[in-house]
Structures are given as structure tokens and as C-alpha cells.
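The structure follows.
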Amino acid sequence: MAKKGTLLVLVGPTGIGKTELSLSLAELLDAPIISADSRQLYRELPIGTAAPTEEEQKRVPHYMVGVASISEHYSAARYEAEVIPLIESLLEKHRYVLLVGGSMLYIDAIVKGIDNVPDVAEDVRQTLYQRWADEGLEPLLEELKVADPDYYDRVDKKNYKRVIHGLEVFLSSGQPFSSFHTHQIKERPFDIICFELTRPREELYERINRRVVQMLEAGWLAEAEALYPYRHLNALNTIGYKELFNYIGGRCSLDEAIHQIARNTRIYARKQITWFKKTDFYLQVPASITADELQAYLP
């Protein structure tokens, strides 16, 4: 079957410089941009997620930005279900569509596809999250070890969301989460070309440190203060907001919160880089590449 159009995937760790390059490339190719940032989905978090500004969205149409509320549960499976038909629709009018971001599971959901996993009962999910809040992660890990030893061996045991997801699937379906993993890459009706932006690590870290300060100057603290009453929501249990909530709650100074945000963001960037290294379909290019230079790689 002939494929219709090409999805250009532009990935890289947070702070690498995806935004300006993607805007320039999108303008050059007359291509819309789809965000692959799991936090930019939430409309209440524009500053803390470095969501595209109104000016940037005037330059290039953006999709999957501010489409959900922090009160909603949003998953990579839902993202796949919504974005694949969106890409197909956009490729009816454009030769290229850009997918830009650093949320690894969401990018994989589009490039590889998500296994068909049963829906999770909302009461089961809420119970598990409440148990995590009350008891911590260790009891849930012990239950996961018994319920699904294969997934237990692979899961990041510090990532409470993935631990809970394994348990909630098991408790909702009666089957181990790992039993639904086929590891088969789904065929897409469009071509896919993936680029990974790279920078020297120290340069990346300096950019991350500057970015934290710039976001605070843009009003991030006021944004966090408005969200403080909702800090229990899963969407806000994320780098940046957690640290600012600690400051707002009097548990640390603002300088300490800023230091922790920068440190935790650098740690997250390292995890992103490690994830991308595990794949063999990303073409690495320097983040300093121009849109014209990148266009030379395209069919």
C-alpha cells in the first residue's frame, strides 16, 4: 500500500533546543507541529511546561497543546488513539507533519504503537494512588512482584506511575500486564523519519539551568501558586511543580527549590538521552543544525 506523506519526528532531551528548530523547519516545509510532550497536553500548565507561546502558534499551527485538564487521566494509549488519525488528516493537506517533543512513551506510541491493553477501572486506579500516597511504593512493589514477576523485573522501581499501571491492569483484567506486551511495531499509513538532537552535556546542562530561571521570570511561580490547591492531582506530580509546591508550603526556600528543579531536570534529561540511545531508528544531528541543513536529509 502506497504511503501518504511523511511524519518527521524531532526528539531530544528537555532544553536541547527543539522549539526554534522545529518552528523554522515547519515554516520551511509548510508543515504543522504536533506536540509530543505529555505535560503540554494540560491547559493549566503553559509556563511550567514551556508550551508554545501565542506568537509561536501564530507562526505555525500546533496540535496536542492544552487539550486536556489536569483533572483528567491521560495516557500514552489515549495519545496514540487521538494522534494517529490527526496525522492522517493533516497529511491530506501537507506533505510533512512534525512530531516534536521529549516524552519517550508518547513518541514510541506513535512511532512503534502501544500494545492493546484493557481499560482500567477508575475505582481501581484511585484506590492504588491513594494507597501509594498513604503507604508509599514498597507495598505496591511487593504486590507487583507476585502478580506480574516479568513486568516487575523490567519496571523502573522508582517510577510510581509505571508500578501502579502494572498493578491496575492486573487488578482490572485479572491478567498480568506483561501478558499484553507483543513488542510488535505497528504499520503506519505514512512514512516516518526520526531525528534526535544532540549537544555536549555541559552545554545542555547550562541551557537547562538558564531555562529554569527564564521560566520563573515568565511567571512560573504565580502559575504554581494558583495550582497549589490541586497539588494532589497526578498531573502535577512532576518536576518543577513538586519543588515549587514545597516552597509554597514552607518546606524549603525559593533558592533551594530552584536548585532542586535544575538538578532534577538534568537527571531527567539524562534518562531521556539513555532512552533514545536504546533505539536504532533515530538519526542523530547536532542541535545547532539549521532547517535548511535538515531539509537535505528529507526525500
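Each Cβ is built from the backbone N, Cα and C atoms, and glycine gets one as well.
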Would you mind telling me which of 37-40, 53-56, 181-184 TrEMBL tags as region 'Interaction with substrate tRNA'?
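Checking TrEMBL against the ranges 37-40, 53-56, 181-184, the region 'Interaction with substrate tRNA' one is 37-40.
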Restricting to the same chain and to sequence separations of six or more, state which residues have a Cβ under 8 Å from that of Gly17 (ATP binding site).
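When sequence neighbours closer than 6 are ignored, Gly17 (ATP binding site) has Leu197, Arg199, Arg207, Ala287 within Cβ distance under 8 Å.
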Going by DSSP assignments with H, G and I as helix and E and B as strand, what are the residue counts for the region 'Interaction with substrate tRNA' (37-40)?
0 helix, 0 strand, 4 coil
With a radius of 8 angstroms around the mean position of the C-beta atoms of Gly12, Pro13, Thr14, Gly15, Ile16, Gly17, Lys18, Thr19, what other residues of the same chain does the ATP site pick up?
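Along the chain, the qualifying residues are Gly102, Leu197, Leu204, Arg207, Ala287.
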On the 0 to 100 pLDDT scale, where does the region 'Interaction with substrate tRNA' (37-40) sit on average?
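In the predicted model, the region 'Interaction with substrate tRNA' (37-40) has a mean pLDDT of 97.
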Quick check: which same-chain residues outside Thr14, Gly15, Ile16, Gly17, Lys18, Thr19 lie with their CB within 8 A of the centre of the substrate site CB atoms?
Gly12, Pro13, Gly102, Leu197, Arg207, Ala287
